[in-house]
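Listed in Swiss-Prot for this protein:
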- 9-29: transmembrane segment (TRANSMEM)
- 38-58: transmembrane segment (TRANSMEM)
- 86-106: transmembrane segment (TRANSMEM)
- 111-131: transmembrane segment (TRANSMEM)
- 137-157: transmembrane segment (TRANSMEM)
- 167-187: transmembrane segment (TRANSMEM)
- 211-231: transmembrane segment (TRANSMEM)
- 234-254: transmembrane segment (TRANSMEM)
- 271-291: transmembrane segment (TRANSMEM)
């Protein structure tokens, strides 16, 4: 077992994306505080990073059998190394990461931050990974709850309360997650069929899946508009994210008919979802700085 093995086990890309979201939530909340507590920010980043990393390790352990079947995941470290020694060491690694993560979060002296992190962890591992992913077409909805936790954790580390801003972040990020995940399940549908994982598009069809995606994008857009209407973000934020969301809607509804190819359309929707969530995080971070300067 090399350092590279342990690094790959935490799914660094997923960890990085979630930490960027946590930082954007933290910075958004600072526009009410008018200053940034860099020590608390550091504790939040370290703690959240380690807990998310432990979640990814445990997910790798739980999914190692289906990961070995799917083309998209067959090269993950535990899919290639499924003997008991690798699994045992990975479990110990996850426990260490998780313990250190909550110790750092304890240094924030914010019980709400710790509670939200615990909820995100338990939902992702206990409900999504261990149960619903293999059993239900609605697993994506459950996964979106844990996926939306990082920005709320960052926000509440500053605000110490689940106010309207926190709930709007929850709505925006969770409803972004659904069309993002559905895009993957559409253009990787053969993988999911091969691993016998039920997905919404396989069971209900592409037409209904696309309608769900459009509705989620609309709710995502309305949540971002509400952030500006209620004074959490600027009109510059509103203009940029609204234009991007409208293009996402256009691609979801009209370009589906133009492309006449489910896989090409789903890949385009997936790429757009990455561009939009990255832009959202950048805009939330920069907007909060410009507001109090």
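Quick reminder: no glycine exception, Cβ is built from N, Cα and C everywhere.
Packing against the transmembrane segment (234-254) from elsewhere in the chain are residues 179, 210, 213-214, 217-218, 220-221, 224-225, 227-228, 265, 268-269, 272-273, 275-276, 279-280, 283-284, 287, 290-291: each is 6 or more residues past its ends and has a CB under 8 Å from a CB in it.
Panel annotation: around the transmembrane segment (211-231), residues 164-165, 168-169, 171-172, 175-176, 178-179, 182-183, 200, 237-238, 241-242, 245-246, 248-249, 252-253, 269, 280 of the same chain, lying at least six beyond its termini, place a Cβ under 8 Å from a Cβ of the stretch. At the 8 Å Cβ threshold, with sequence separation of at least 6, the transmembrane segment (9-29) lacks contact with the transmembrane segment (111-131), having fewer than 3 such pairs.
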